[in-house]
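Asker: One structure coming up, written as structure tokens, with questions to follow.
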Amino acid sequence: MSKKYVIALDQGTTSSRAIVFDHDANMVASSQREFGQIYPQPGWVEHDAMEIWASQSSTLIEALARADIHSEDVAAIGITNQRETTVIWDKMTGKPVYNAIVWQCRRSKAICDELKAQGLEEYVKDCTGLLLDPYFSGTKIKWILDNVEGVRERAEKGELLFGTIDTWLVWKLTEGKVHVTDPTNASRTLLFNIHQQAWDEKLLNALGIPRSLLPEVKPSSAIYGQTRIAGEGSSIAIAGIAGDQQSALFGQLCIDEGMAKNTYGTGCFLLMNTGTEAVKSQQGLLTTIAVGAKGEVNYALEGSVFMGGATIQWLRDELGLIRDAQDTEYFASKVENTNGVYLVPAFVGLGAPYWDPDARGALVGLTRGANRNHIIRAALEAIAYQSRDLLDAMSKDSGVELKQIKVDGGAVANDFLMQFQADITNVDVLRPELTETTAMGAAFLAGLAVGFWSSTAELKHKAGIERRFKPKINDAQRATLYDGWKEAVARTR
């Protein structure tokens, strides 16, 4: 095999990464660059789309150099990305008309309220599997069309293009030749009928979004186009796309009905593959699109928590309680419990299963005896409590009581958090040998599309488990802790 590697581009909320994998799914080299976060007003979050592209393209060049390989050694590139984040650009100049509006941004709440007043809430849920929340792309697009001078007119003339970050990166990588997305990203726009797998005219009309803005939707594992790295060398196929959470689900090989994973990133995201059936949630979860064993469309239930690792960043950057995220395990382990302290990190509202954009964060149960260690421990426990909220909702919706859950993302290196997650949910928590499963999913999708790997069966032995965390507390202890959490959440609403 002359082409011995695949590359995953992992474009996240705070950084862009490129990771080189070999045929045994080993990580050969990687590169990472952070980029700026823009906060124009409270509750507003933006990125500079050109800075995202610059950071992502430079990591691609750097990862190749670190692996000491050339473009002719690479079979394919796969892309995984922060979902929902919205870019609109001029298709002639390639220049964005406004900063990218990030998934965390709440500015389009009034637009959501208007759509609710029009009686569209149930239609949106039935058609897209989503809720009318500022989280999703559709209302962000409308905000740009309505609030940036001249943009609506240009959009109606067909001069502009919309994309989530995957679409933006493919467009840049192919020098403006390919305007495409995949079903997992399309399913997060609030504009995509997940049953018919097509853009929905009724929702486009309701939001006043011209059809010409939207990309073509192609399978998650397919050849979309070719790119030359820095305009040089052999062309490489761009052959896999999946939104970050669906990519992690695929990277964990949760490709059969009833398999689930929890990703601990900026937010926390619990997904369960429900196979070919789209399960409508009664518990405030989302119905979304996942990727099946052969790259086909499957469905999943998803619970999203906005503040996971971002809570730890807050401890570091705003409170100065820690120097590094890794310090949290040391400080949390210095105390036996939180001394009754609960942190509810509703900094931008609450996600699933509450969906309360007006909730605000709270530190509850403080006494004179509360110290730094208790607060740090409460922050870690909050991540696990929020995941328990999601797990309970998912069990009720699916009728499946999970016995184990696969985990990935940066925070899974924290043994304290993983053990507390097992304790509070009463399920086994399985940590993989390779925790970069989001990037791995994109690499798998791209490699399968070009025949680098023959099937998902070939991949199964490449996804080993490093450690299994088993619950260590009893039911009474678990109930007392979780009741305290529910009381704390009630105080934020």
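Just so you know, glycine gets a Cβ as well, placed from its N, Cα and C.
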Asker: For the ADP site that Swiss-Prot assigns to Thr13, Arg17, Thr266, Gly410, Asn414, which of the candidates Gly225, Gly309, Gly369, Gly451 is also assigned?
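Answerer: Matched candidate out of Gly225, Gly309, Gly369, Gly451, per Swiss-Prot for ADP with Thr13, Arg17, Thr266, Gly410, Asn414: Gly309.
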Asker: Going by Swiss-Prot, Arg83, Glu84, Asp244, Gln245 bind glycerol; tell me which of Tyr5, Tyr135, Tyr299, Tyr330 is listed for that site too.
Answerer: Tyr135
Asker: Out of Thr13, Thr266, Gln313, which of the binding-site residues has the smallest number of neighbouring Cβ atoms within 10 Å?
Answerer: Gln313
Asker: Check the DSSP secondary structure of Gly410 (ATP binding site), expressed as helix, strand or coil.
Answerer: helix
Asker: On a simple 10 Å Cβ count over all chains shown, which one of the binding-site residues Arg17, Arg83 is most densely packed?
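Answerer: Within the set of binding-site residues, the most crowded position is Arg83.
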Asker: Give the sequence-ordered list of residues that share a chain with Glu84 (sn-glycerol 3-phosphate binding site), lie 6 or more positions from it, and have CB atoms under 8 Å from its CB.
Answerer: Trp103, Tyr135, Phe136, Ser137, Lys140, Thr164, Arg188, Thr189
Asker: Let me know how many other Cβ atoms fall within 10 Å of the Cβ of Gln245 (glycerol binding site).
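Answerer: Result for Gln245 (glycerol binding site): 29 neighbouring Cβ atoms inside 10 Å.
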